[in-house]
Every structure is written in structure tokens, then in C-alpha cells.
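What TrEMBL records for 8-149 is domain 'Alcohol dehydrogenase iron-type/glycerol dehydrogenase GldA'. Annotated NAD(+) binding site per TrEMBL: G89, K90, A91, L92, D93, T120, L122, Y126, in sequence order. As annotated by TrEMBL, glycerol binding site applies to D166, H249, H266.
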Amino acid sequence: MSVEFHFPAHYHRGPDVAQQLAKYCQQLGPKAMVLGGHTALKVLKEHVGEIANASYHWFGGVCSINNINKLKAIAETEQAQVIVAVGGGKALDTGKAVAVEMGLPIITIPTIAATCAAVTPLSIRYLDNGHFLDLYHLPSAPQVILVDTAILARSPQRWLAAGLGDTLAKLYEYRSLRHDNSIVIGDKKLTAFTSQLCFDLIQTYGADACHALNQGQSNEALEQVVDAIMLYAGMTSLMASGAHATIAHGLFEGLTVNDDVREFGHGLLVGYGNLVLLALEQRSDDELIEAIQLAKDCQIPTTLAEIKPDWSEAELDEVYQATLATPDAQLLPFKVTIESLAQACQRVDALSSRV
């Protein structure tokens, strides 16, 4: 059996580390194409100014094949030598895909702590309308990751909550995949360790990190959970040979078929999906209530109504069907039906009202 891992070359976290962008562009390029969301590009320019030999482009709003191809054409015309992706997961995923398909190095600068997208050799692709398309596995991880906590401390609270929800899934979903009693060795042992580390850091520092973000200030709690969200969660994904996501991510994919939910946030939906996974596993009420309390402390939604207040039965049925059709949902060691999925959501909603 052979295994292959794609690690990032350089991870730098701290206040004002984005100011080193010009240095890294000079080393890797120096002609850079910087792409991201409108807000992220503005934040980057305010924080570090405009760098020499660089062009700036909106990434298109969604990581779709069409947007990737449009940006590739621009990069080819401009003869870019390095891609810089700045923003949230969709912008970072778009930049990674563009860089890999062009054979160029990539620098990622997350402006929100919403996912581990800055670190991983993976892009989540969507259709142009925002519906989930597929997981695009890339042959290499980013060359440089600049995690600027001064920028992250001023980002919207909901995106930190999204990062916390997505990172908690590293333990919940890993545990659901390890349904036998086989000995955990090698890379799987490291995956087990990092997924538990992510959970422990969030359990210890998550609420305080949310408070720090509300104050617009970085502190040790924020730094610890940022490393959990990006570095340790990224390592968990990198070291998880084979599948490492189940129905928490499957439910996220299913929920994106609803246009009202499409922009709600990957990690926020996964965070709710974690609770549904626990219910599907028939965890005790006490364990579910403890998980719901942690989710609430981290400002993760714990009911369907927090995601969308006016679900119709037809809309929910569409979500459940789409969820069960995803590859991630097929990986649980037990069969999930529309009825059992609906019952799990109802149980989580009912227990949430008691917390």
C-alpha cells in the first residue's frame, strides 16, 4: 500500500504577517495575480498597500469551472508567475485551482477564519448558480500561507463561528468513520490526534475567541483557535488517507440546493450537521446537549430555523434527498433514510430548545 501527502511549504501566523506578501511574491514570481472577493481585496490593500508587479481581480463570487477558466485566461494574458488568493474559502479554492491548472505557485491569505481552505490541496467547486458540484482534489498544497491575526480579529463574527463548526467536524466525522475496532497506526494515528486536538482547543478557547473577535482584538484564545481551524484541521485533512468526511458535510452539500441557504456559510452548515450526525449515531441526550452547548458557545446554529426560518416540507424533502445523494453521506457504517435524517434534525431542534 502506498500513501501520498501534499503539505504546504510555509505557514506563518501572527499579527501583520500579510505585510510580507511582497517578499514572497518576489521569491516566487515576481509577477503576481492577486484574486479575491471585493471586500477581501480592499482589506488587503488597506493592510499592506499595493505590491509592485501585481494585478488585482475579483474571483467571480463562486468557485466554479467557468470562473476558474476566466481567471486562467487573464493570468495567461498577463503572464502571471505567482497566484495570490485572498479572502474566504471560495476565493482561496478558486485561486488554488487556477494556480494548479497553470502550474504556478500559490500564496493564500485568509481574511476570515471560516475553513482550512488556506492550507489544503482541495477546492470545493460549485455550479455558477452556487449549487455544490464536486470536490476537486489538487496535486499540491499552497506554497505559502499567511494567516494575519490582525486582519482576522476585525473580520465578521459569523465566519469565525463557521470555522469552529467546520473544525469540530474533524473529530465528529473522523470518529463516525472509525466504526470498527481496528488498531490506529501511522497516518491514521496522527489524524486521530489532530482531530482530537482541534476539538480540545475549541472546547477550551472557542468562547473566548468569539469574545475577542467581538472586541476586534487578537489574543491567545483567537490565536489558538485560528491554528486549530487552519493548521491542525488542515493537517487532519492532509493526513486522512481516504475519506474523512461523512454526513455533516453531506448535509451541507444538500442544504446548498436551497437558494435561500446557499450563502449561509459552509462551516455554519457543517456545524449544524455535526449535531445531526450525533443524533443519527443515536448518541445520548446528555452527549447531544453537551455538543449543542458547545455549538451555542461558538455561535454555531443548532436548529434548522436559525439557518432558514420558513422551511416548507417540500424544501426540506429536497434537502434530505440531495444530502443522501452525496458521496459523503454514503460513508456512514449504517443506512440513513429520509425519515431517519428528518427525525435526527427534529431531535436536535427539540434538544436545542432545552439548552
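Just so you know, glycine gets a Cβ as well, placed from its N, Cα and C.
According to its DSSP assignment, K90 (NAD(+) binding site) is helical.
Of the listed binding-site residues, namely L92, L122, the sparsest CB environment within 10 A is found at L122.
The NAD(+) site in the record is lined by G89, K90, A91, L92, D93, T120, L122, Y126, and its two most distant CA atoms lie 17 Å apart.
Summarising the environment of H249 (glycerol binding site), the number of other Cβ atoms within 10 Å of its Cβ, over all protein chains shown, is 28. Other residues of the same chain near the glycerol site, with their Cβ within 8 Å of the Cβ centroid of D166, H249, H266, are T115, A162, G165, A169, A245, A248, F252, G267, L269, V270, G273.
Whole-number maximum of the Cα to Cα distances across the glycerol-binding residues D166, H249, H266: 9 angstrom. The Cβ of D93 (NAD(+) binding site) lies under 8 Å from the Cβ of C63, A117, L122, S123, I124, R125, Y136, each of these being in the same chain and 6 or more residues away along the sequence.
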